[in-house]
């Protein structure tokens with residue numbers, strides 16, 4: 001019988017399960033598929049925004065958007081177009097019900113378990129296909145699937161330790177080829193992120209001004225220490241690089257942000273004699289706040305402005 005068996009909502013960056021349908025099937029096949037669910041959840045940040053994993057008599061389909069992935073398990077003969085319509089409906093309802101701040105700051109598994117009520121109702125509708133004929137445009141969905149079919153994941157890839165090292169959440173073509181890392185898109189900017197960006201620019205400007213003043217002082221007094229000039233300009237470069245990391249995706253982005261924050265701390269320690277405690281506290285605090293915002297702004301999948 002063709003049907004949807006279960007579904008879940010997972011955070012992309014760390015695989016934290018946010019909600020899931022309560023199914024009680026304890027068959028060997030279902031237990032194995034649950035293991036595949038967990039393995040996929042850990043690799044979502046490396047995968048395209050629309051994928052299918054075929055596991056014999058079952059298929060696992062999922063879509064990712066705005067840092068959240070929507071996964072479902074169905075029988076192998078369940079129509080692909082209906083499967084992705086189902087996921088799209090879950091996505092739209094979840095985005096409408098919960099804001100990104102809640103999903104980004106969630107720490108407990110299944111903290112949105114009440115969303116299961118909607119999953120169950122939607123699953124029942126999609127398992128009764130006669131009730132769906134007037135509620136969606138299947139022609140548009142079929143066209144979308146043909147133009148941009150889901151990336152086909154093999155079980156052998158899933159079981160390999162380095163199976164998805166080459167994959168990314170960037171936009172991809174229907175052939176399954178993945179674009180390079182510079183095209184990754186980050187989650188939408190939040191108000192704290194904008195504040196951190198502006199403050200980092202301010203700190204960079206202050207360091208730059210003090211650096212030029214240090215050069216003038218050095219030209220007028222030969223006894224001045226040139227290392228202060230270097231420290232000011234390094235501080236400027238570090239602040240501007242934090243702004244860059246906040247706006248653009250790069251490899252090892254989080255590690256770079258922590259190293260940049262360390263450089264800011266070292267520069268301010270060296271400039272201890274030229275700044276009062278409040279100035280030092282301001283520069284270090286801004287650096288720490290910007291590092292946190294870089295860490296919170298994660299790569300996202302394709303925005304929910306498409307048909308699947």
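We count from 1, first residue shown onward.
Glycine is no exception: its Cβ is also placed from the backbone N, Cα and C atoms.
Cross-referencing 255-272, 273-290, 291-308 with TrEMBL places the feature transmembrane segment at 255-272. Here TrEMBL gives transmembrane segment for one range in the set 168-188, 189-209: that range is 189-209.
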